[in-house]
Amino acid sequence: MSLFTTIYDVIVVGGGHAGSEAAAASANMGAHTLLITMNLQNIAQMSCNPAMGGIAKGQIVREIDALGGYSGIVTDKTAIQFKMLNKSKGPAMWSPRAQSDRMQFAECWRTMLEQTENLDFYQDSVNGLLFDENKIIGVKTALGLEIKAKTVIITAGTFLNGLIHIGDKSFGGGRAGEGASTGITEDLVKKGFESGRMKTGTPPRVDGRSLDYSKMIEQPGDEITEKFSYLPTSKALTEQRSCWLTYTNLNVHDSLREGFDRSPMFNGRIQSTGPRYCPSIEDKIDRFATKDRHQIFVEPEGWTTCEMYVNGFSTSLPEDIQDKAIRSIEGFENVKFLRYGYAIEYDFFQPTQLKHSLETKLIENLFFAGQINGTTGYEEAAAQGLMAGVNAALKTQEKEPFILKRNEAYIGVLIDDLITKGTEEPYRMFTSRAEYRTLLRQDNADLRLTPLGFELGLASKERLDRVIEKQRKTDLLINFLQKTSVKEAEINPILKAKNLALINQSMKLYKIAARPQLEFSEFNNIEKVKVFLEENNIDREIIEQAEIHLKYAGYIEKEKNNADKLNRLENVVIPSSFNYSKVKSLSYEAREKLNKIQPTSISQASRISGVSPSDISVLLVYMGR
Ligand code: FAD
């Protein structure tokens, strides 16, 4: 049955973080898009922690924003606390993080999507896929509808055959209070896809009115707040809500251990792998048995709600054990539970089955994005969603795919890692995964990506103009610093205050500004600097750009050179369906892996585990190099 007469350009299945960005991107690129999701009230629902950003993830949100995605704008509009993490380290490590109002976040996303042209919505559950040979042509829904499309993006998150566990209870579900999704995995497996199982977990939510904050340590947001979106319409927070820090103790651990025999993690009911870097509390006390306490951050779920997220206490132990153990945490003696913690197992698909465009290798016009690809985290999901949305739209316009390189964006690193290496456990981004992290900073995502987003038709002219102006002013300031000298009398008081060696002749400002011990703001009282900044309307963002440029010029140059060298290998293209089995001088392991992954370039081949430098030399000879 089909009540839908339209053949859509793009159907997005699932309105989570990946699906929402995918729908926005494809619709904004002019593709007639339908977002089908199980519950229209839960668009971009934060299943776990009500926070966006954090180490490496904050960079991703800024990249999404720079390209013209919505996650940064929504986060700014709904934030209740902001922190720039790692500010004491170099700028490559600075990572913005914001706590969000969970309910406002979902509402704001829905409003933004409703204001997007070319985008239709439909609430139903997709339970089957329509194929014409090895092409997707639409979807089937639980209500029995068939809806046709040129391309389909699946972003089903943790819902595919989702199984929720609390203690010895297990039941089907995609997230607390929501049903699982069935039919999609089965249809894909019939077409030859390889599926696997992963798991993740979430902590209890409690009534903030039942907690004793006098026993906890207040964690306020940053005094100087920043924002995620580069758009001037997005504003940094002026008011914030505090979080609170407390700790587990040996009594808490003993109570938790009492439930281990009923834990689905330890009694074998959960077999699948969970996120290594977000372990459950039972996992932490088991793996780090000598540690007598673990941090617990108590985080408000919004501006007005009393609901608190107990960060660090993710668990699937039985309710009575959760209840008893948590009461031994300082400040939680009289706690009232709103929701118990739980774990969930779900299907994922090895991302090595995808091309760089996130289109599947087996079925043309079918794209996967988000947790279905073995990742964890809203930011990782949103980034893939945006890229899948862009590439599905480009496919319908018969244009080449849009692929970001590893030296251009964390999004490039994320997708390249996934499709080249696959993942055996939920994949999350870290700065250490990016070999060019000095280039991929949160402060310059707009300079790196907005011109590309504009070319695609995704980032607005307003964004591009802002980037051009930012670059112009940064160059102007650097030029001023390079040309302008300061006298001893102007600079020595600043150096003296910092116990630094004084100068005995006038010196160019850029040489002094490059010193790691000095911050540019310390020069603001030098008259000629003050006048220049005022006359040219130079703000903090521009000063930061110029300062990073001067202080880290050596590192930036080195990474650019390395990237250029690697990009030369990126240009050595391997023809599609190249038969590695015929190349007997390749190692057996390399042949097997190369045949499976089918890399598109020598550079990608070199990143596959099991492919050695000598295998690469062999391939280079074959490619005529
Ligand atoms: P989701 O946000 O899960 O969205 C999927 C959407 O698709 C939902 O709206 C759903 O209704 C819809 N949908 C699914 N199937 C269908 C269908 N067949 N038809 C129509 N609509 C469908 N991340 C972390 O980084 N750290 C954590 O500690 C963490 N813990 C988590 C704990 C739990 C219990 C859960 C559920 C998730 C956790 N996550 C965690 C993961 C985080 O929520 C996801 O990474 C992120 O939400 C993935 O985004 P997504 O868009 O891929 O999927």
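Glycine is treated like the rest: Cβ placed from N, Cα and C.
All annotation found in TrEMBL is predicted automatically rather than curated by experts.
Not measured: the values here are computed from a predicted model.
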Which single residue out of S170, S181, S314, S316 does TrEMBL record at the FAD site shared with G14, G15, G16, H17, A18, G19, V126, Q371?
S181
Among the binding-site residues listed here (S280, Q371), identify the one with the smallest other-Cβ count within 10 Å.
S280
Which value in Å gives the longest Cα to Cα span across the FAD site residues G14, G15, G16, H17, A18, G19, V126, S181, Q371 as recorded?
17
Fewest neighbouring Cβ atoms within 10 Å: which of the binding-site residues R276, K284?
R276
Output the one of E282, D286 that, of all these binding-site residues, has the highest number of other Cβ atoms within 10 Å of its Cβ.
E282
Which binding-site residues of A18, V126, G274, R276, E282 contact ligand 1 in the sense of C-beta under 6 Å?
A18, V126
What kind of secondary structure is V126 (FAD binding site) part of, going by DSSP in three states?
strand
Using DSSP with the three-state reduction, classify C278 (NAD(+) binding site) as helix, strand or coil.
coil
